[in-house]
């Protein structure tokens, strides 16, 4: 999980000595500086207008759900279901948020989830048990991310094109592996993770995985050099390069990270569905991009919010759930999602114009 | 050319004033142009030439002054209004759409159409070919994409576009800058054809020899004011033109140089050996000692910025090397340069240096993140404290580490860039146009900061279009002309006049 982050700091130690050799005395003014940092709210957790409006939308949805289907919607099992469904796309969205924050895009996430889920559920892989499936899913995700990253960072390809190509290839490879068949998982240890018995205090393990990925993602974006470099690359890649940061390496790590998230999501999907299919993860890329954008991450890069992305995912999943409970067709659902994206972006561009809310 | 009677004036501009926040870009400029003449506009960088031609093109609205066009007072509300009157401007950066054909570019916005919207392609191509023939270039195919043409041919297309309107005045902003000598000859033939037809040309160039060849009269502007009107272009001595351009009124306050006794001696911290980028600049050998400010003077396009960026590793040299403390830097690697203690304050501050929507702190700390982190974990209070220390050292205003950098003035943005490198422990500062977009009052403060940093032991390499700035701030000056160092000497041994002679005439050192 932490691998990309810890490698990202390799630039740090060897750069430090030069900094220590500073001939210009900087310690003197630092001494008279008032502490000044204590009053500052932790970054990203500020309940700004944007986050509040997302929470408001979510609250309205819950009221609508509760009003239209009071018994079914508010049932514990339904809430567990909503959260579980949100978990898988949520993990993908965390990775996507980093990529978009850096000014990139990853269209291949759905296809990577498909490829990782089928590779990890072949009969040969299943022989290695729980660890074999988990390990394979993650390795396949990382490998696809590596290809994306190398093509974009070192091959100079536009992220849209490179990940579009990987999207097509990964999906094709997934079909090649399964020959169109559903690969049933027979390992009890894997299937048990989705069973009600393994819920911890009523929380499904998949939701816990999502929570962990979210927290790690939040810390990574807001508290580490990795996150800071991601934001800097997205804000102004040329300025970041001229500030002495290895922009290409950072881009490589970002697509690796997105691939890693896809691998984790693939494993979660295997647990939930008890199978691997080449059609898995269909349109995940669009859902993840939409969730990140309505959450407040700038499509042009330079600003990203994990909290917003998670709220975006929860909003979408809740809509889907309410529509399903009310037996509304998926076409209506799609229209509603589209309307929400438009509304969210309009609200954001307005708040952006009026300065920071 | 004999002075024409006043009614012969095609264009008269009088008392044109243009204010920008904190700057009086034009402070009462007068200009009068007659039909059929080549009127040259001369002035140093920053004198107000560009602003003046933008007013004439309708792109800027003057705050004061009167424009008279063919005897009638007019207001140029928009570029379209100017074009309708018959005023066309050919900017230095050609504004052509590369993906469109020659004919499509020429008639962009006023395509010959039927039924109001169906473009008559054949008619446009025929008309374009006729225009190109009139300019002496019938060989440029009207259906070719503009992006495939040479720079010279693109300029012809730009001129054809101007002529496709009923044009009476063409403004050319340094049209020869991108051209080879024989292409310049062709340009001059075109200008002669145009003026023979009664079209007036306002010709802007830094090259005095061109002005002598083609110009009829010269107007000199300086610090936003006209200092000479209607000088005969061929007879006025160079010395007179140069002193008109230089005798400036705005006094810059430069900090004192260290006395000769304190002059930096030590070993050079930065050295270049035969550093070359083919097509941009010829071999450069320079040495920079701690405590020393070395200036590169020259016109835009003389290779100054390219030299800085190559030293910094942002461009890869085709030959030669850069040494810091005698150690060769990996060519073309910004990271190697930064690690060795180099820092660049680039020319395009917003595009190349700043994270515009980020805070001052984050802009300052971006090059030193590893210093505030353990295992990748950022200690943001240490980061804030150190960044604030660096900005306070430079008296950056406002003294608020959370201020979004975009909201700061140009001078304070520049201080944030300097603070970034101070925080990094930089030992060689490369400054590219450090006072661009910085208002006059803040400049003196920035000069003082730069000098103080040098006194504290930094080596500074300074590039500026403004000759007085280089002469006032630097200890030693290298004069560049078209990618070649033509002169090196202590700043005290040069004056503005001499430098302009060197960069404009290119005469070798006597």
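A Cβ is built for glycine as well, from the same backbone N, Cα and C atoms used for every other residue.
According to TrEMBL, the region 'Disordered' annotation covers A:1-42.
Annotation source TrEMBL lists compositional bias 'Low complexity' at A:8-22.
If you look up TrEMBL, you'll see A:49-67 (among others) marked as transmembrane segment.
Residues annotated as transmembrane segment in TrEMBL: A:79-100 (among others). Residues 106, 109-110, 113, 159, 199, 202-204, 206-207, 209-210, 213-214, 217, 220-221, 230, 234, 254-255, 257-262, 264-265, 268-269, 272, 281, 284-285, 287-289, 291-293, 295, 297-299, 301, 304-306, 309-310, 312-314, 316-318, 320-321 of the same chain lie 6 or more positions beyond the ends of the transmembrane segment (A:79-100) yet place their CB under 8 Å from a CB of it.
The transmembrane segment annotation in TrEMBL covers A:107-124 (among others). Sequence-remote contacts of a segment are chain residues at least 6 beyond its ends whose Cβ falls under 8 Å from one of its Cβ atoms, and for the transmembrane segment (A:107-124) they are 92, 95-96, 132-134, 136-138, 140-141, 144-145, 148, 160, 163-164, 166-171, 173-174, 177-178, 183-185, 258-259, 261-263, 265-267, 269-270, 275-285, 288.
Beyond the ends of the transmembrane segment (A:130-153), by six or more residues, the same chain brings 104, 106, 108, 112-113, 115-117, 119-121, 159, 162-163, 165-166, 170, 185, 187, 189-190, 247-264, 266-267, 270 to within a C-beta distance below 8 angstroms of the stretch. The transmembrane segment annotation in TrEMBL covers A:130-153 (among others).
Taken from TrEMBL, the feature transmembrane segment covers A:160-178 (among others).
The transmembrane segment annotation in TrEMBL covers A:198-221 (among others).
Feature annotation from TrEMBL assigns transmembrane segment to A:252-272 (among others). Cβ atoms under 8 Å from those of the transmembrane segment (A:252-272) belong to residues 1, 3-5, 7-8, 84, 87-89, 91-92, 94-96, 98-99, 102, 104, 106, 109, 112-117, 120-121, 133-134, 137-146, 148-150, 152-154, 163, 185, 190-191, 193-194, 205-206, 209-210, 213, 226, 230, 280-281, 284 of the same chain, restricted to positions at least 6 beyond its ends.
TrEMBL lists A:306-325 (among others) with the feature transmembrane segment.
Listed by sequence, the residues of this chain that lie at least six past the ends of the transmembrane segment (A:49-67) yet keep a Cβ under 8 A from its Cβ atoms are 73-74, 294-296, 305, 307-308, 311-312, 314-315, 318-319, 321-322, 325, 340, 344, 347-348, 351, 357.
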